[in-house]
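Participant: Below are the features listed in TrEMBL for this protein:
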{"type": "SIGNAL", "residues": "1-18", "note": "signal peptide"}
{"type": "DOMAIN", "residues": "23-128", "note": "domain 'DUF7707'"}
{"type": "REGION", "residues": "131-150", "note": "region 'Disordered'"}
{"type": "COMPBIAS", "residues": "133-149", "note": "compositional bias 'Low complexity'"}
{"type": "TRANSMEM", "residues": "169-186", "note": "transmembrane segment"}
Amino acid sequence: MRLLQSLTVLGVVGLAHSQTNYTFNAGDIDSSTRSYWCQQQTSTCPLLCLQMPGASSNPSANTCDSKSLSYNCICSNGQSPNASEYSQTIPYFICTEQNNQCVARCSAADSACQSACRTDHPCGAQNPQRYNTTSTSASVPAATTSLPPFTGTPDEGAAVRYMAGLGQVYGLAVVVGGFLAGFSVLL
């Protein structure tokens with residue numbers, strides 16, 4: 001009896017441990033998907049470089065190997081952005097695939113396990129570091145005018161009446177068009 005309890009406890013611990021430790025083998029992903037991931041990585045690199053201070057959208061290195069999913073993104077200022085903080089990058093795609101594999105290891109009825117796979121290991125743009133930020137302050141100019149003050153009575157609701165009439169015309173056109181379409185289908 002003790003042996004059965006010990007094996008059960010070890011099995012549960014092992015299952016919990018396997019749910020949290022992710023391994024990733026690039027060879028498990030089909031080549032067209034890996035090529036797409038690399039294409040997205042190299043397309044995203046210049047955009048990430050624009051977030052770096054003193055960098056342009058022309059990185060000095062922007063490569064990705066679709067076989068091993070190793071990539072290189074070095075901006076014109078010599079710095080490399082943290083691609084794991086962004087979506088559409090190799091770290092994002094690997095994280096997403098690891099979460100998919102985690103969900104696949106959960107039983108179909110265990111929605112808590114499936115949910116934990118994604119919520120405990122979020123992927124992509126959570127709260128990326130903002131390198132280039134600008135601040136603006138609005139100043140309101142003093143109001144000046146050279147027009148005389150309006151002293152007449154406004155025509156209240158004129159625009160509303162026009163728009164309501166316009167809505168009725170378009171509504172009628174839609175209803176008539178619907179009837180005509182219905183009759184044409186019947187014929």
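In case you wondered, yes, glycine gets a Cβ from its N, Cα and C as well.
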Participant: Using DSSP, break the domain 'DUF7707' (23-128) down into helix, strand and coil residues and give each count.
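Facilitator: Across the domain 'DUF7707' (23-128), the residues distribute as 50 helix, 10 strand, 46 coil.
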Participant: Looking only at the domain 'DUF7707' (23-128), what is the mean pLDDT?
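Facilitator: Mean pLDDT, the domain 'DUF7707' (23-128): 90.
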